[in-house]
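Notes follow once the structure below has been shown.
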Amino acid sequence: MPLKTSSFKKEIVKQNLRNVGWVSIVYFIGLLFVLPLQLVMALGGENGVESGSGGLFSITFIFHVQAIFLFTMPVLMAIFIFRYMHVSASSDFIHSLPIKRGKLFNYHVGAGVLLLVAPIVIVGLILFVFMGTADVSAFYNLADLGRWTMFMLIVTLLVFIACVFVGTLTGLSAVQGVLTYIFLLFPMGIIGLIYFHLSFFIYGLSSSTLLDRWGQQLSPIVDIAVYHPQLIENGEIHIPVDYPVLGIYIVVTVLLYFLSAFIYKRRQLEAASHPIAVNWLKPVFKIGVTFCLALFFGLYFSQTQGTLPWVIFGYVLGGITGFFIATMLIAKTWRVFTFYHLKRLGMYSATVAALLVLIPLVFIGYENQIPEQEEVENVYVGSHYYQYEDYKASDEVDFIESEETIEAVRNLHERMLQERSSLNNNGESIFIAYQLKNGNVIQRSYDVNRSLVEEEYEQVSQTDEFKEMQMPFLVAEATSIDSIYIVNPLRFEVTISASNQKRELLEHLKQDIYSESYSETFGSSEIDSYGMVRIDGGEEIYFPLRRSYENTMEWLQAEDLYDEVILEAGDINHLEVFRNGGAADQQGFNAFQQLKDSGEEPLVIEDPGQINQVLEAGDGGSNDAYLVGVFLHEENPQADMIASFDEDEAPSFITESLQDSE
Amino acid sequence: MIEVQDIEKTFEKEKVLNKVTFHVQKGSIYGLLGSNGAGKTTLMRMIAGIIRQKSGQVRVNDTPVFENEEVKQLMVFLPDSLYFLPQYTVKQMANFYKDMYNSWNEERYQALKDVFNLEENKKVSHFSKGMQRQVAFWLAMSCMPDVLILDEPFDGLDAVMRKKVRSLIIQDVADREMTVLISSHNLREVEDICDHVGILHKGEMMFERDLDDLKADVHKIQVAFKGEQESILNSDLDIMHYEKRGTVLLMIVKGNEDEITDAIKQYQPVIFDRLPLTLEEIFIYEMGGAGYAIENVLV
């Protein structure tokens, strides 16, 4: 027998190049179009330079197209390079050759990696050459190029290996493609779904707490899809995926590689053309599909119907659908309605039903927990978890510490527990976070109908501490405030940046906001202006600019800004007023449109004096007895804005004339 | 050379092979017979090291085959549905085999080019089915395997080509003691090439025979006696089958030829002829004895 000349099988690599080289070429051409070509066009200056600090992830280099390549090319590569594994004849041929499975796997993964890395590196080199030959500093620098190359390499390889991994589990290439995307979305989807549903059954559990914190990062697809290059601020270097998460991607890639190699070596080759190639995966797949679809249908009915029986109906319908779809996929036939499968479904349903009954019992303690007054260090009250996170991260952190206010919050909390209804989606969101003296944090989130907890809510919302928490600029140093914008309802924006103006405006706002009564606090309508404050380059903080803020209004008039920032009769052509007798089942604009379409005659107001009266009449109420359509121009077919007010707030000429017309 | 010991295999809870045991000696040509679905292909894929048995052992050269590069270097497997790398020419396929098999013999490859007379630079997929099978043999024989595993190898070959391929195989067996395992559902296809035959039925090895022994062992005899016709039936002869055609008695008898001749001579037959017996007939009688109708086992 001749001696082994070389153990490296170059023919396998050659075969892979012949087979899937085209994927590499398409990837290369794609990247060539979105990077160097875009750069040349931008340098040509036809469209002007859109400079930004997004580097190679910016709009100039159409990042979303890059992202599409990022999530299709590695998947195509993995599908085609491991296609042989899913076709019985080629699988038999390759595996009859004198080469170990592990080696075979590595040759194919290696060739795939090589073919995916090459286009990225070559495009990177081209961009590097540009740096030496043209002035590209407006677009990117060396660090940007490094970040881009690193990011592209890491994500490409992650997606590739993820698809290889899925490929070892299935025996059909089409299923491999579909399952890869499901796999890349799955961690986020399933955790979101589970959490969302737990929040139905566990009162006070926020469905958004976890997802707000790192939900999107659980799925590379979502994380990269939600990246907006234009959100870059303050010269901060942004990369579509945070560095720690990129680190996790690397770890996951390596783990998936070893896992795939392990499964590949043990994979039953006769499973080619079976949708699920690994036996232990079949029940997992079946239960997974059943469970997910049940949750998904439950979600649908919770959003559309919002009652528990409908949600349960959704679980049952989704569960049955999911179970039979999964069974059909595995059996590759639709005739699966046998007693055997029905028995399986029954067993599954019984288990899930038991869980549904048991889980809320486990969490009773969690639901009813309100920390004792003396345990509490401080409290945050707001409407959403993410506000809390932002607030914690900002410079002006000032939680509620006074005993009376903590007491008021605990009273509100207690009251909400009495009015429990975890399926209420239309109520007011209230988020409470207690920082305990022992270091623990208790976070709860509720959706309640405000009218049910009015008294307790008023106690909390009227405190200065609460107001300061909602509007941190009330306590901020005037010098730390970058600028104040006021936006009037016509979307016309005025910037106040002179420091004495900022200081004075803030002073007046403080007076008005601190003295604001509870009934004023709510219901701002479209005809009101609002302001935005940015403190030390942080997030913008909104505040309503109500006509009832007398001090502020006077100041605005004194500064000749009133006309610019407040909507007046002079801006308006006419008003159309309907009495909303509860006929419309919708709100705001839709309700107005519905009334108008119904042929009812509105009260038309054209007199400037009366218009001003209407504008000042009120800031809307909860029952919208009157709907006012604001028309800026005669010829407008549709109202530009909708206002509303309660019966007792309406100016007398409206109540009288609309009463008469009935 | 090939030892298969008690192997079992199930596909999705369905037992495909059940305690199959057989041996193929070095330099022998073994015919694995069985109807469709008997488990032949599964068994061959297992011997070729493609799939793994659930239990039992498959050994070639006294070493387990599965995931064993060295043993697989000695073997070439030709499946019933042939596969060639997409868009490959014969030449490219040859290079691929050359890279995979250390024993690749370029001279042999060149020599066989004349035998098969096929265009070397043509894409294999452009050849007809029969020509593709010739290409497969061409490549396989050029690898100079010690063990050649052929699943339904003669499908699609015309008579001339079959003869050519058969002589190639026999030549290698004679020259360098190549071991060959051939599967077929058709006994007639393999009877002129195999020296051993095993019949696989419903996942079980029904029986194995050395064909030379078998032919020497079973005889078709036509006799007629003057007196009592039936008395011979009570003799010591191992008569597997008999039928009366008028005064002539047709018998299938098992045993040593000389002994049978002696035994029959004692009855002083008027007519005593030994008739030629096809392998198929032998099987019919052998298996009829075992309680099977051959039509159910072989097509």
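The first residue you see is number 1, and the count goes up from there.
A Cβ is built for glycine as well, from the same backbone N, Cα and C atoms used for every other residue.
Record features, source TrEMBL:
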| type | residues | note |
| --- | --- | --- |
| DOMAIN | A:434-515 | domain 'DUF6449' |
| TRANSMEM | A:20-41 | transmembrane segment |
| TRANSMEM | A:61-84 | transmembrane segment |
| TRANSMEM | A:105-130 | transmembrane segment |
| TRANSMEM | A:150-172 | transmembrane segment |
| TRANSMEM | A:179-203 | transmembrane segment |
| TRANSMEM | A:246-264 | transmembrane segment |
| TRANSMEM | A:284-302 | transmembrane segment |
| TRANSMEM | A:308-333 | transmembrane segment |
| TRANSMEM | A:345-366 | transmembrane segment |
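Contacts between the transmembrane segment (A:284-302) and the transmembrane segment (A:61-84): absent, as fewer than 3 C-beta pairs lie under 8 angstroms at sequence separation of six or more.
Most Cβ pairs under 8 A with the transmembrane segment (A:105-130) among the ranges A:20-41, A:61-84, A:246-264, A:308-333 are made by A:20-41.
Taking the domain 'DUF6449' (A:434-515) as a whole, pLDDT averages 80 in the prediction.
Applying DSSP to the domain 'DUF6449' (A:434-515) sorts its residues as follows: 42 helix, 22 strand, 18 coil. Long-range contacts of the transmembrane segment (A:308-333) within the same chain: residues 175, 200, 274-276, 282, 285-286, 288-302, 341, 344-345, 348-349, 352, 356, 423, each at least 6 residues beyond the stretch ends and with a Cβ under 8 Å from a Cβ of the stretch.
Cβ atoms under 8 Å from those of the transmembrane segment (A:345-366) belong to residues 198, 201-202, 204-205, 287, 290-291, 294, 315-316, 319-320, 323 of the same chain, restricted to positions at least 6 beyond its ends. Sequence-distant contacts of the transmembrane segment (A:179-203) (same chain, at least 6 residues past either end, Cβ-Cβ under 8 Å): 71, 75, 78, 159, 162-163, 165-166, 169-170, 209-211, 215-216, 218-222, 292, 295-296, 298-299, 302, 308, 311, 356, 359-360, 363, 366-367, 417, 420, 422-423, 445-446.
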